[in-house]
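Step one of this worksheet: look at the structure below.
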Amino acid sequence: MSGMGDGYVGTAQDAVRIRRLEKQREAERRKIQELKTKSASDKGQPGLLQFGSGTSEILETAFKKETIGLVTREQYVEKRVNIRNKFEEEEKEKLQKLQQEEEELQLQKRKKRKIRGSSRLSFTDDIENGSEEDDGDDAETQETKGLGRGKFGKDPTVETSFLPDSEREAEEEAERERLRKQWLREQEQIRNEPLEITYSYWDGTGHRRVIQARKGDKIGDFLRAVQQQLAPEFREIRTTSVENLLYVKEDLIIPHQHSFYELIVNKARGKSGPLFHFDVHEDVRTIADATIEKDESHAGKVVERHWYEKNKHIFPASRWEIYDPTKKWERYTIHGD
């Protein structure tokens, strides 16, 4: 390639543009050389527009060359009219030629803009490179480019999902918002579902009861309902406050701020069983299998805080500890009540 050595590291598109510019410069040099040759051959002819000369000066110079010696008045007038007509015809031809060159230049510029705009497509490089290689036949090349431009469009096989698309992003955002609201409605329905809880009021011996609550209720709300249920029967429950009641499930003391919903959706586990089952059932199997973990649910205990502080060193209170959501119990340890 002319103008480029072995060390050239540009892209294929850069090489195409360089070849195009070199051809344009060569055409301009040939045109200038032709104009110089024509100017030198016609330098002495009258009627030619010389650089820096006015129209009247050129006409006067040409007339003097034609009227050397004695001429009659009719010859004088005739030659002057002929020279003026010849000069006007030459000026008209030059003007037409300049207009034609200007139109050709504008046409070339429009073609270049179309080619440059079409080259933004990912698959036009091959077409442009192929047309540059066949540049020897200009007419055929222009026809090929014209046909190629007529077929340019979006390639359906090109992956465009990674490109920014405001319409698609708006649709995705609307869909995410719809799903979020749907999920919130479903969770609210779950929180409002009824939950039957089997518990045992523990004062050293068990007093089993059943009470209705909602899955969205907090432990504090549950203990308030328990207090109202047990108050007629147990004097110490009537005289204490809800803050002094503890709920112990699977050997873990559940703080008042946690809800049954949290325990259920998180599939929380205690030391001796699941925290998301609030009924009572035993794991009854016809064949004992030590490799499979037992699935038993025990009644939660409701305990008065004063009793717990007094007996926390004695079984079963000695096994109890505060529930920590971050602590995981991999296997259950079962002990009799």
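Cβ from N, Cα, C; glycine included.
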Matching range for TrEMBL feature annotation, region 'Disordered', among 27-52, 79-104: 27-52
Long-range environment of the compositional bias 'Basic and acidic residues' (27-41) - Cβ separation under 8 angstroms, sequence gap at least 6: none
Number of helical, extended and coil residues in the domain 'FAM50A/XAP5 C-terminal' (194-333), per DSSP: 36 helix, 39 strand, 65 coil
For the compositional bias 'Basic and acidic residues' (27-41), residues assigned helix / strand / coil by DSSP: 15 helix, 0 strand, 0 coil
